[in-house]
Every structure is written in structure tokens, then in C-alpha cells.
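Noted in TrEMBL for the protein shown:
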type: TRANSMEM; residues: 29-50; note: transmembrane segment
type: TRANSMEM; residues: 231-251; note: transmembrane segment
type: TRANSMEM; residues: 258-276; note: transmembrane segment
type: TRANSMEM; residues: 314-335; note: transmembrane segment
type: TRANSMEM; residues: 356-379; note: transmembrane segment
type: TRANSMEM; residues: 451-478; note: transmembrane segment
type: TRANSMEM; residues: 599-622; note: transmembrane segment
type: TRANSMEM; residues: 634-652; note: transmembrane segment
Amino acid sequence: MTKYDGKGESRKFDPNFKGPIHNRGCTDILCCILFILALLGYFTVGIIAWSQGDPRKVIYPTDSRGQFCGQAGTPLEKKPLLFYFNILKCASPLVLLEFQCPTTQLCVESCPNRHLTLIKAKVGNKDDQEYYKKYCKEDVDFTGLSPPQILKDGLCPAMLMPSKAFTRRCLPALATLKGGVVVVGNETTFDDGNSGTVNASDVLEASKKSNIAVEARQVAMRIFEDYTHSWHWILLGLVIAMVISLIFIVLLRFLAGIMVWIMIILVILVIGYGIFHCYMEFASLKGEPGADVTIRDLGLQTDFSVYLQIRQTWLAFMIILAIVEFIIILLLIFLRKRILIAIALIKEASRAVGHVMSSLFYPLLTFALLAVVIAYWAITAVFLSTSNEQVYKVFNTSNCSFSRQTCNPKTFNSSNASLACPDAECLFAFYGGETLYHKYLILFQFYNVFLFFWCANFVTALGQVTLSGAFASYYWAFKKPEDIPAYPIFASLGRALRYHTGSLAFGSLILSLVQVIRVLLEYLDHKLKGAQNKFAKFLLSCLKCCFWCLEKCIKFLNRNAYIMIAIYGKNFCTAARDAFFLLMRNIIRVAVLDKVTDFLLFLGKLLIVGIVGIFSFFFFSGRIKAVEQAAPSLNYYWVPILTVVVGSYLIAHGFFSVYAMCVDTLFLCFLEDLERNDGSQERPYFMSQDLLTLLKKSNEDYKSMD
């Protein structure tokens, strides 16, 4: 007998139903075709970007003519450093607007190491003249032209000052003496080559402005350097995380109940130790000079280790960990009775994973496919962003009607702009273009981002359907393991790709649209940060919150829809509707059982991340005396720590996602089992004896066997 309560019709008993249906047809064919066409378009965009782009623009600095400094196979191969003719002009506000100093920039072999003016070099010995010519434009008649003529044509700088290479740029060798006196090469003032003097403090300001455009690159280069020094230790940490995760999964297979309680206790202890360590660091900094400075007063610093020298940082960490500890303990107190049921479900999932051991290795395929998707997106994005042409503009220091207009550096000296503005220069400004390709470049970037989300969500959906199909085969086998089909993972993967590519593309498309909208909202929020319109900010915050909730709901609905697709072979909309109504008819069980198991599995991931994170912190920060010499010397020791922590979470998530998918699949099958069957000999339950006992139900078959 069936019932209808506004939440869909309950499942009827079907004597022929024994798990995932094999006789099925293709679903959502139109969406499958659309997905294939979108992929072809994606490949086309990639090919166009690769033909137009030049990633060397990200690596090498460019001179005033847009040439790459230090690029192999070019005349500038042995000139890897960028030299500014007049670093003082970098103090102009123009740098903040266009990230370009209004002065000639030249590729050189090495930075100047002494102070020398053009006039002194002209009247000096041959060595001084040869030394100075290194920092002039090519083919300059240094001996034949007078200093005023050289400066008028912008062939040489007016002076050289001691400099050091910093992010491949020659910046003044600044230092600070006692009392805060700024010096350059141990001098506070020096001749500027034009009968004047320059203060070292002025050079300091210019250096700061010239470095604004490369500040992010500076941090990135330091981080990259840290990775080159610590990559093998990072790899070892990730291997350890994988081993711990595998050991945990194996122990969970045989000792599910004990392992869950051990996991709960260890999570509480690990977070408790984190609180204790933060307090000890906080207490040890008491009375230390500068330790009471606030994070707000400190501002943004590229050397992030500075933040660990102030008490407020450790206080913030301690408060955050204490809140997390309190929430976990509170949840455990309120859910203590439901944890027993969740443990039984995890035990059943452990048996399923034990019978389908290949499921533990399937996340490796998902990781590999996601790595391909991410790599293709990143490479295409780099080529798209570097596929612009060199654009030159007129830069000047006085009023000029041609200011900021485009120009040609080859013909600039004979142009009207050069005659009207004697002090103007035609310098490389940025990369852009006026072609049809460049006009639609922003659309190509958007298409790249959208297809990245679509492909990534498709790969995730494929993994969910494959695993759910395999675990459903286990649940609906009445005699386990005799009735479990051979190679359930491969069979399920084959069914998903052959029949349901369109359905997976449909579900991932819906999720991708929401994610792209969230990206656009984040972009608008970034643009409106300086706006004064409070209503616009409030509206944007509401939209961000709504779409965040919508994304979570769609992910939950898609996950259960994929389980129904794996079992019944229906199209996405029908499967989503059936899954939704099945969950609504059992909303109490969903709230108190399925979510409790998710919480327990999350604690397992948290435990693995905590263990690996604590050991990596003590190792990379040099706190372990026994291996202090083995620890690499780093700019930011948090770089490998953060990498190991994030990588450990992804690895643990990969292993535990198998369990989570198994639990969700068994839970949905369990609900279907309760609706289809009643425990009689004609309609026996397929669930295990442990679940039957826990739910106070029984099969007459089991009774007759006792």
C-alpha cells in the first residue's frame, strides 16, 4: 500500500529490483551535446591564446621598448637586470595609476656599485667612461656628444648611484644608520649631475613608489624560493598524511566504533594543545619590545613572520581555537545518543568499502582529472593575460598636450610630440591592443573561468556517480558478498560515461552558473570597497549570502540526484525530484543521522590535518632540536606549513570522501529499503542485521534462521 502526503509517492515493492538497473538508456542528450560543443570551444580558446600569448611577460622585466631583460636567445640574454635612468621620477603619482615610472628603463648586466655623474665620467679616465657607457643606450657617441646634448636626447642618465638588484630591478642601496638617518652608499646627499644635490630620503620615497608595481611579485618570488628549498620536505609531509589517512581508513574498517571514539577524544586533545601552545607563546611575549603592537597598527607586511612576534596574533589564534573546541564539545553533548546510530552506519560503510576496496583508489583518478582541468585553466589564463601587444605612450614631467598619447618609439624623436614637448619620452606603458581579438579578450577570460568551473564540477559529479553506483550494488546484494557484481567500480564508471554524461553535465552546469555569479559578486564587492553607498554594500552582502546558500543547496541536491541516477538510470530532473521527495519523507532521519555521520567524518579529517600540521610547524620553524639542522632556511616558514596543511586536508578529504559518499548512498538505499520492503519473507529488508537491530526491525528470514 502506498501513501501520498505532498512529499512524493513512496516506493512500491518490485520483486525484480536488485540494485542499479543495467537496462538503461542515454539521458539528457541535449545537454551532452552542449557540453561537447563547449569543450570544443574551450580547446579553440586555448589554441588561440597559446598562439597569441607570451608567458615570458610574467617572468622577465621589460625595458622602455618592451624588450625582455635576460631572456635566453635574445640580444639581452646577458642583461637580466632593469636599470632606471632617474629613479626619483618613480616618486610621481603616475606610478600608482599606470604602474610605470616616467623615465627611461634599460636592461643591464649588473647594477651600479658607486656614485658617478655624467660630467665626471666625461672628464674622467677611460675606465670611468667605459663604466658609465654600460648604463647608456646602445651606440651612443659618448666622447663626441656634449653632456647637455646627451641628456636632451635621453641617451644616458645624469648620474649613477650605488644600487642593488631587487626583483631583477636596480634599486638604490638604501640603509638606515642609528638615529634613523637614511643613507645611500654611506652618503646622505650626493651630486645629481645637474649642479644640484639629492637627499637619500628622497631616493627612499622614489624606491618605495617604484616598488609598488612589483611588491606582489616580490612576495611571490620569495614564496617560490621557499618552495624550491622545501619541496622534498613538503612531499614527505604529504606522503605521511596519505599513510596516516590510509591507516585510519583500514582501522576504521575493522574497529569502526573504537576508532570513532578515539578520533573524537584525539580531536579534542589536539585542539586543546593548540590552545595551550598559543597561550604559552602569548605569555612568553609579555614585556618584549614591540610585542604589544596591534595588528591594525602593524598594517600589511610582506614578511609575515613579523605577525608572530606580537601578542595579539597568538591571542586571536587562542580565541579561535577555544571557540572551535567549545562548539565541538557542545555538539558532542547534544548528539551523544545519535552518535551510536551514526557509528552503526559508519560500520556498514566500512563493510561496503572492505568489499569494494578499489573505491579507495578512485580519488586518485579524480585528483588526476582535476589536476588536468586546473592546469589547462591556469595555462590558458596566463596565455590570455599575456597575449596583448606592446603599447607605448608619451611620458613627460611638464605640461604637454601629447601627454599619455600612444606613440612609436622608432619615430618619436622626429614626431610633433617630441618637438612640442622637449622633455617627453616615448616609453613602454602596458600590454594591450586594438584588434578584434583584443576587444573580446575579456570574454575569452570569462569563458575560461566558466568552463573551468563546469569541467571541475563534471569531474566531481563523475566521481560521485561512480562511487554511488558501486556502493548501491553492495547494498542491494541480499547475500553479501556472493551477490555483489564483479568489478563494481569499473561497471559503474562505464554506465556513467556511456549513459549519463548529459545528466552529469546538466547538474554541473547549474552549479557552475551559481559559482560564476558568486565570482562576479566578489569582483563587484572588491570594486565597491571604497564606495560610500551603504545601501549598495548591504544589497551586495545579501546577494552574496543568498547565492552562498543556493550553492550549498544545489550541491546537496546534486549529490543525492547523482545517487538516484546511478541506481535507476533516470534523467537529472527526475532523479533530483525523486531524491528530494525521498529525503523530505524522511526529513527527521536526514537531520539527525546523515548529518551526524558527516560531522564525525569531518572530525576524522580535522584530526589528520591537526597531527600533520603540528609536526610540520615544529619542523619548519626549527623547534625540534634533533632535526634543526635538517630543516631548510626559509623566508616564510608558514609557506610549507600551509602547503602541507592544505595538502593534508585534500588527501584526507579524498579518502574520507569515499566514506562520505558510501554513507550517503547507503543512507538513501536504506530509506528506499524501508519504503519498498516490510521484513516479510516475500519482501525482506536488504540492510544488515546490525541496522535492523538498531532500528528495532527484523526479517522473518533471520527469525527462521535463529
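Each residue, glycine too, has its Cβ placed from N, Cα and C.
TrEMBL: automatically predicted annotations, no manual curation.
Of the recorded ranges 29-50, 258-276, 314-335, 599-622, 634-652, the transmembrane segment (451-478) has the largest number of C-beta contacts under 8 angstroms with 29-50.
Relative to the transmembrane segment (29-50), the listed stretch 356-379 leads the set 258-276, 356-379, 599-622, 634-652 in CB pairs under 8 A.
Same-chain residues lying 6 or more positions outside the transmembrane segment (258-276) and placing a CB less than 8 Å from one of its CB atoms are 248, 251-252, 317-318, 321-322, 324-325, 328-329, 332, 339, 343, 346, 600, 603-604, 606-607, 610-611, 614.
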